[in-house]
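Worksheet: one structure, shown below.
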Amino acid sequence: MAMEAWFMEDSDSDPRLPHHRNPKEFVPLDHLAELGVLHWRLNPTDYENDQELRKIRETRGYNYMDLLDICPEKLNNYEDKLKNFYTEHIHADEEIRYCLEGSGYFDVRGKDDRWIRIWIKAGDLIILPAGIYHRFTLDTTNYVKLMRLFMGEPVWTAYNRPQEEHPARKEYVESFTKKVGVALKAH
Ligand code: KMT
Ligand code: NI
């Protein structure tokens, strides 16, 4: 099945639940592309020899790569890290994640500041543009293995919201506004 994304309901209950609206409101992938969120579906079973992945890395200059297993046994400070991942933030650079096993949710802010939940599963490579507000959580399966890619020396610094004066945020808002003609609401 193609990668699914949907507008989230307002709720403070367990983030690992899907949080669909009622009725469900799916978001097409071309809408995500308008927000600058890019996606590829690849074959995760042989990622070391995958020519498609190699091409994406070459074209986009992603020379750095590491793997991240998100489970209590393999991730130091598991609870703290998950809490930080789910705190709304931006980065000065793209966030590139390739799901090799398991699944999880990337939430990004769309038009009118609405949360869009993106369900990534094994084979989904996703790129969030610099400056987009986002967060991440595991789903109820509680496990994901991610490849992290980066151009040059990796910088993982997260800037928590609000960041309206951050250059990456300003640039993102400007390019998004130009593309779809709708201003992102500032907070
Ligand atoms: C980040 O910046 O690392 C995130 O947004 C979390 C997703 S990858 C575990
Ligand atoms: Ni992030």
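Glycine is no exception: its Cβ is also placed from the backbone N, Cα and C atoms.
All TrEMBL annotations are machine predictions without curation.
TrEMBL annotations:
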{"type": "BINDING", "residues": "His89, His91, Glu95, His134", "note": "Ni(2+) binding site"}
{"type": "BINDING", "residues": "His89, His91, Glu95, His134", "note": "Fe(2+) binding site"}
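Taking the mean position of the Cβ atoms of His89, His91, Glu95, His134 as the Ni(2+) site, the remaining same-chain residues with a Cβ inside 8 Å of that point are Ile90, Leu128, Ile132, Tyr133, Arg135, Ala158. The highest number of surrounding Cβ atoms within 10 Å, among the binding-site residues His89, His91, His134, is found at His134. For Glu95 (Ni(2+) binding site), the number of other Cβ atoms no farther than 10 Å from its own Cβ, over all displayed protein chains, is 23.
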